[in-house]
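Copied over from TrEMBL:
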TRANSMEM  56-73  transmembrane segment
TRANSMEM  93-113  transmembrane segment
TRANSMEM  125-146  transmembrane segment
TRANSMEM  184-203  transmembrane segment
TRANSMEM  224-243  transmembrane segment
TRANSMEM  263-283  transmembrane segment
TRANSMEM  349-367  transmembrane segment
TRANSMEM  373-395  transmembrane segment
TRANSMEM  482-502  transmembrane segment
TRANSMEM  522-544  transmembrane segment
Amino acid sequence: MASHDNKAADLEERVSYVHSITTKDVDGYAEAKSPKDLEGGALTEGGPLDLFSREAFALFIQYGAVGIIYGMIPALNYPLFNIYLNLEGYQTSSYRVLVLIGWSFKVIFGLLSDCVPIYGYRRKSWMLIGWTITMICLSVMTFSPFGEPFCNREKTKYCATPLEKVPKSELQYFNLAAPDNGTLFTFLSMFIAFGYVLAASASDAMVVEYAQREPVAIRGRIQTAIYTVRTLTGILAYLVTAFGLNGPNYAGSFSFALSPNAPYGICLVPCVLVVLSTVFLLVEKKTEPCSFALWWGTFWKSLQSRVVWQICLFRLLSNVFNGVRTTAGFPISTYWAGVEPLNDSLSNIIGNALFAGILVVVGKWGLNWNWRWTIAAGTIGIIVIDGFVVFVTIWDVVRNQWFFTGVALADEIPSGIRFIVSTYCAVEIADKGNEGAMYGLVSTVSNLSGPFASIFYKYVNSFFKVRQNDIKSDTLEVRWDVTYVYFISYGFKLASLVWLFLLPPQKAEIQALKARGGKSKVAGVILVATFVMCVSFTVTSNIMSIFPSTKCYRIAGGNGVLDPKTGKCPLK
């Protein structure tokens, strides 16, 4: 089933970060500045940004480049890594995590942009560093050989047959070393995420500065513009995978296709344009370095408050439980539902539209809904819809790619509700002066939960027959094992509702907790230590799953069995 979970990482980081600054109560600030200085309720001087100005155009190019790369790299998981290279489900799950892992370091990137100007530039310099990292990685991936596919679908009809049943005469069309060729590309994709997220962090800070200059009546206009640009360019990326990677060796129906390296070369084009625009179009005034000691003092006080660590605890526990998935998703899509890359990409495009639509609906009519009940309803809705589609596919009641991806698009409605409601509470806990860092912390804790959950479910799934070769065999035992791993997944999603007692039901309750909850240095230390531990463990485990010498370990999601001759995972 096509997955749209990666959009939450981007949206939550940036919506919450920008929203925190632009929606704070300005009464205290208004007392210090006269109405003559700041007319219309603007937070800072300068007046609103002209959306047709040079400054706005340069900013739009930043988000356009982010949209293409953020859309393209995760979208390659299904046609390239799942089908072309035949990576196991736990490896494609790791890919999904690693290509978005950069968002888990948003707090650090924001700190660098805020406190460490280079040659006087806080934003430009870090944008250029980020895009340079991205371009170097993309260049290497464009010109490095991707290798032959695991199975040459143009020459044999046995690609969907378990290896042990493939005639010896047909084995010449199989490249059993193909999965190992994905290691370099997965590793570099991770560094691409670090690069463009670093640039995006600096861009977000500029958006905040421009948004603060807008009168209250139109505040939010610049955010709407940048997200429109990002969404449209993201759709362009999906169109490349939809029509360019739908040839025979990607299990598609077209007679033509791009080479596996082509998407990386396409991503280089916006990178070059954005670097040129950063140098020649982007407008930024030189500034002095910010005192890290002063910034950390304010941030540390906030970390000790009960409202902060309680919300972070809720986000971590609830999202870890809700993030327990299964490694069988992509193999089922390919071999049971017969989902082509074209269908997968189109479902991503439509899913993005539905997700954005539900965000607008909740933002317009659901601001005062009870958060606990809304999240509970959204979670149960996801389980009911997803479970119906999955189980009729597993048991061969209906195996159709349009049904598998089409009906599952309804997931976007409860998923969007659950996501946007969970971000509202973060708006209430930031203090003046550390808004960006606080939002970075809260949303980063949420983003870390997905990778952390993936370690658990990859380990659990390694004890069941849900590997590529198992799904191809389609035996009764395999169907039951796939059913079991989905039962486990849905059970944990339901269990995530247990932690709702940690979430205040609405804004007033959060403000009351903020005022009377007290502070705890011990809780602050535990919060920081947990963050560091989760990042370290998550990155280590997921990187292990892509290297031939370690991918078989249970902690990486493998089956724990090593080939005594080679020391690597058995190919069968």
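Note that Cβ sites are derived from N, Cα and C of the backbone, with glycine treated the same way.
Here the transmembrane segment (522-544) has long-range neighbours at 94, 97-98, 101, 104-105, 187, 190, 300, 303-304, 306, 308-309, 312, 316, 441, 444-445, 448, 451-452, 454-455, 550-551, 553, 555-556, meaning same-chain residues at least 6 beyond its ends whose C-beta is under 8 angstroms from one of its own. When the stretches 56-73, 93-113, 184-203, 373-395, 482-502 are ranked by Cβ pairs under 8 Å to the transmembrane segment (125-146), first place goes to 184-203. The transmembrane segment (373-395) shares more Cβ pairs under 8 Å with 482-502 than with any other stretch in the list 56-73, 184-203, 224-243, 263-283, 482-502. Beyond its flanks by at least six residues, the transmembrane segment (184-203) meets 10, 14, 59, 62-63, 65-66, 69-70, 73, 80-81, 94-95, 98-103, 105-106, 109-110, 112-113, 122-124, 126-127, 129-135, 137-138, 140-141, 144, 146, 274, 543, 546 of its own chain at Cβ-Cβ distances under 8 Å.
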